[in-house]
Amino acid sequence: MAAQGEPQVQFKLVLVGDGGTGKTTFVKRHLTGEFEKKYVATLGVEVHPLVFHTNRGPIKFNVWDTAGQEKFGGLRDGYYIQAQCAIIMFDVTSRVTYKNVPNWHRDLVRVCENIPIVLCGNKVDIKDRKVKAKSIVFHRKKNLQYYDISAKSNYNFEKPFLWLARKLIGDPNLEFVAMPALAPPEVVMDPALAAQYEQDLQIAQTTALPDEDDDL
């Protein structure tokens, strides 16, 4: 039995991507999750319980954050085992972090075959964007969802979680009925830039994929 008020529906979410892409910054935006996080010493990870209130009741994502281990090579299988969903993050101001996305995806699906995965391009608030919408095609080849995000401004924070919740519950009409308490924005996402990026993504989605066989 879940404790009183404890969400019955829980999912293990693994957050992966190169070091420095903003994974920890992203997960720390959710204030109650940050307050209630637990450290798993055996694996060297922090687990943040992020609760979202939906029209079908509360859902909890137990988000596993690597605490920077990925800087020392790959992650151990124990990190991935029993994951029910994942977010792969790269930094839109760093091309190499996008180039490494296929490696993270490969490690993930080797252990967790058919889980829903969201690809997130973080730091879109920074004007000097290197990885443009038209170059982001990996998700289309692998049937993942993609979102531009800006962790420091809270831009699109809830989008990956809403998409994953709909997939995991099997209800495309699932909605968040209240936003979780988020840390105040450290930067402001320019609304004109956000609108431009959304338009760029829509155009990119309808563009034919390049023919080359490489993963990117």
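Note that Cβ sites are derived from N, Cα and C of the backbone, with glycine treated the same way.
Predicted, not measured: the structure shown is a model, and the values here were computed from it.
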Among ranges 10-18, 37-45, 109-117, 118-126, whichever one Swiss-Prot labels region 'Switch-I': 37-45
Listed range which Swiss-Prot flags as region 'Interaction with RANBP1', given the options 127-132, 205-210, 211-216: 211-216
Rounded Cα separation (Å) that holds between Asp18 (GTP binding site) and Gln69 (site 'Essential for GTP hydrolysis'): 10
Number of helical, extended and coil residues in the region 'Switch-I' (37-45), per DSSP: 0 helix, 4 strand, 5 coil
Number of Cβ atoms other than its own within 10 Å, given for Val124 (GTP binding site): 26
Most crowded position, judged by CB atoms within 10 A, among Asp18, Thr21, Lys37, Gly68, Gln69 as recorded positions: Thr21
